[in-house]
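Taken verbatim from TrEMBL:
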- 56-113: domain 'Cation-transporting P-type ATPase N-terminal' (DOMAIN)
- 160-262: domain 'P-type ATPase A' (DOMAIN)
- 121-139: transmembrane segment (TRANSMEM)
- 280-304: transmembrane segment (TRANSMEM)
- 310-330: transmembrane segment (TRANSMEM)
- 761-780: transmembrane segment (TRANSMEM)
- 792-812: transmembrane segment (TRANSMEM)
- 824-852: transmembrane segment (TRANSMEM)
- 878-897: transmembrane segment (TRANSMEM)
- 904-925: transmembrane segment (TRANSMEM)
- 945-966: transmembrane segment (TRANSMEM)
Amino acid sequence: MELLGDQEDSEWRDTVQLHKEEKMLLRYYLFEGLRYVWLARKGAFCRVSVLNEDWTCSDLHSFQNGLSPLEQSSRRHIYGPNLIDVPVKSYMRLLVEEVLNPFYVFQVFSITLWMVDKYYYYASCIFLISVLSISISLYEIHKVSLKNKSVIDAVLTVSMELVPGDCLVIPQEGLLLPCDAALLAGECMVNESMLTGESVPVLKTPLPASEGRYSSDSERRHTLFCGTQLIQAKGRGTGGTGAIAVVTSTGFFTAKGDLISSILYPQPINFRFYRDAAKFLLFLGFVALIGTIYSFIATVLELVIRTLDIVTIVVPPALPAAITTGTIYAQRRLKRQGVFCISPPRINVCGKISLFCFDKTGTLTEEGLDVWGVMEVGPTGFSELVSEPRLLPRGPMLYGLACCHTVALLGGQPLGDPLELKMIESTGWGDQTELDSAFGGYRVLAVMRPPAQQLQAEGTCPGEAMAIIRRFPFSSALQRMSVVTVAPGGHPALAFIKGSPEMVASLCLKETVPAQFSSILRTFASDGFRVLALGHKTLDGKMDLKTVERLRDMQFLGLLVMKNLVKPESAGVINTLRLAQLRTVMVTGEGCFTLVFSHPQLFAVPFFHMDSFPGMGGLSLMGLFPPQGLYQNGFAYHLAINGKSFAALCDHFPEYLPKVLMRATVYARMAPDQKTQLVKELQKLNISLTFSLLCSCSYRVGMCGDGANDCGALRAADVGVSLSEAEASVASPFTSKSDNISCVPLLIREGRCSLVTSFSLFRYMALYSLIQFCSVLILYTMKTNLGDLQFLFFDMFLVTLLAILMGTGGPSEELYPRRPPASLLALPVLGSLLIHTSMIVLGQLAALFVTISQDWYIPLNSTKSGAENLPNMEDTCVFALSGFQYIIMAIVVTKGYPHKKPLYHNVAFFCVLLVLLALMSWLVLYPGPVIGKLLQLYNISDMNFKMLLVALAALNLLVCFLFEVCI
């Protein structure tokens, strides 16, 4: 819109009026569901979301009164409808698009040419197969489109009138959110499993009214995301009935829209195999054009026909479809074993994985935690471990365990983080929320009461309770959560904090932290426990509790010790990957010591722990790379670093980042966005580093997580594996029904098998074209050609059948250290094709020269050309040997050890090979009058000559097989 650009940025924060009276032009276009508008001040089309990207948290609070009708109408014209639409194309449009596919365009061209050249049978068969293929393709595409639309329509009941800036009142019973919105007042319990895969409901709290720029990523705990289920909402104030939120994004600009867009419009896969395949097709086309100089044709029309015919022979139109066969079979095998794939091309990428990252909790270890005990701080330091927190005396430590959480009641059942549920259960206290004025008129979020028997034993009034009036949910970036509580009877308010021991200790007064804090923490970590710390602070009675923020200078209370067990499958899988020389990396939000020492079965070598960098009070960066290297006493010392160190590396020491990445095995205290950044940095690694752990020309990174906080990393990785069956699995190319990492070696084995199969099929289809190319050129020089049914026999009954069954071979049972190649233009591959092509040419020429040298040889009638010269001796001998060569090449290129099972394990393919060898031997030795006439074969009575052709084919097989083994 022309006049949009004339307004200042600040004007966009509130509203943009098209005009009161004058008509104004809005220039925009839609691309992949996103609206782009013209901004004159930028001189370009920009995403419409740029108009509200500078909103501050304070700006959002100013929208609590809603938009005027004029403002709402203006924004609706600019932003468009709040709609996430999955287009379902009609059959006619799909047909046009499918027929215009280069594959089918080439098919139509080829069929037309074959009809002109009087290959009626062959052209008719190819035409019927193409029609059947198009019909199946149209049906499948239309079915998937309808399924996607029904799923999205079911998930999103979209209010199309909503625009950024609209104010929403969320009812207490909750709803399915139709947009992204910032929570301004009240609290909401939200099920975000469709975005994160985490089944545990998340508590959302009001957005602070600060002047900082609003971002849904940084303010995730205050943002309600489109498509998530709001289970329950609580208002603010004694008369509040619901929560208040303001719309921040609509349509495809929401978190759900971004997820749907990634499914509908996936990023192209940058894989060398696919790039080389296109280059090789161009090379084959060039070979075809060179081959036309051998076409000794009398007329210009025949020259054109013969030239185009050679092009259709050398560049097989079925090649792109053939090389996906192995991927399709691998996808089916994975599905049978509980691994689902929404991006089949990624299966081949699995075969080149160099490194796999693993989340810890829920992925390598069990999801649940059990309370092991509590260590409270006393006058002389830590007291003895209390295994039953309910036995603690009434005081701040017990109150903190009972109240410092975000658990909420829904239908009388507590909902929240499993860790917090276990913590509350260990105290014996319960949530008995009462919305009354018994606590000084504050809006109560939860009321925690001790068990009745404890009250009776202590002679305490049954009304004794603690009310939670403010909550600051756990943040991965802050590594803590906190609450503000009040008690009846005029007691002062208490604030509690719970989080990582290091973070809590840093926020507490130093004199309250025991001197043995670090040693105790290290002891628990080395024994495999997860440790949380608690602190508290008594608040000044004059403080406004409704506006209190996160606090500092607190009193250290003690440690909560919990046990997290490693899943029984994890150690074996990690060891399997290491034996296959695949790097394994752990990425989590927990502390380094807990990870390194708590799970020794996951780590085979000692670790060099790095907590900080220069400028942060830590050790010297150059100390990471001493002259003697990171080797001592025969061990390779890998690095274990935390999120703060990783951030410092990225921001201040990028030149050292690759070296650290090549050694670091544990990344602790990593925020979700840091996990994503780590995956991207690993993908950029320069493998030419002198102390590289792997010799490879590419670095493909895999990521395995349970869906919680891992979605960004799963989508960024070359291969993402989600162990969550929630809807968030759509963010990952692969989803496993099992809750352990045993699917990772399976996926890599299937990926290697699929990649080797794709290589084999590509080479086979290329050699099939070259075999036929040689046959046609040789026969053209003799002024003849293969017959219509001879072409049909080779293409349909030999090549197609072999190509279909070649990909059914399964993967090897073991992972080998050597990865399969991914380049079709590598010297071994090109050398193999060159040698096999040479053997093909020599074999067919030998058959022709042996035939010509026979006493009974009768030359062709030179007055005819092409198929009109059939049957003849030259065609029959070339037909015999080339038929064997199609089978020989299938045997030679199928050798896939060590990444595939031996050929004889593929029973169907092995049996078909034997049948086809027997069939070709029969056609050469004694085809019979009927079959001989049908295939236009010359009846040669010399059995010794026929046996010589079979022996020549056997020699061809032996030589090609030996060359393949040597290469």
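Backbone N, Cα and C define each Cβ position, glycine as well.
Unlike curated entries, TrEMBL annotations are predicted automatically.
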Most Cβ pairs under 8 Å to the transmembrane segment (761-780), of 121-139, 792-812, 945-966, goes to 792-812
Contact set of the transmembrane segment (878-897) with the rest of its chain, CB cutoff 8 A exclusive, min separation 6+ beyond the ends, reads 753, 756-757, 760, 763-764, 767-768, 771-772, 774-775, 778-779, 786, 790, 793-794, 798-799, 802, 806, 809, 812, 836, 840, 843-844, 846-848, 903, 906, 909, 913, 916-917, 920, 923-924, 935, 937, 946, 949-950, 952-953, 956-957, 960-961, 964-965
Is it true that the transmembrane segment (904-925) and the transmembrane segment (792-812) have 3 or more Cβ pairs under 8 Å, skipping pairs fewer than 6 apart in sequence?
-> yes
Tertiary contacts of the transmembrane segment (824-852), defined by C-beta under 8 angstroms and 6+ residue spacing from its ends, are 273, 276-277, 279-280, 759, 762-763, 766-767, 770-771, 774-775, 778, 782, 873-874, 877-878, 880-882, 885, 889, 892, 945, 948-949, 952-953, 956, 959-960, 963-964, 967
Spatial neighbours of the transmembrane segment (792-812) not adjacent in sequence (6+ beyond its ends, CB under 8 Å) are 121-122, 125, 318, 322, 325-326, 328-330, 333, 749-750, 752-753, 757, 760-761, 764-765, 768, 772, 786, 882-883, 886-887, 890, 894, 896-901, 903, 905-906, 908-909, 912-913, 916, 935
Counted with DSSP (H/G/I as helix, E/B as strand, rest coil), the domain 'P-type ATPase A' (160-262) has 18 helix, 36 strand, 49 coil
On the domain 'P-type ATPase A' (160-262), the mean of the pLDDT values is 82
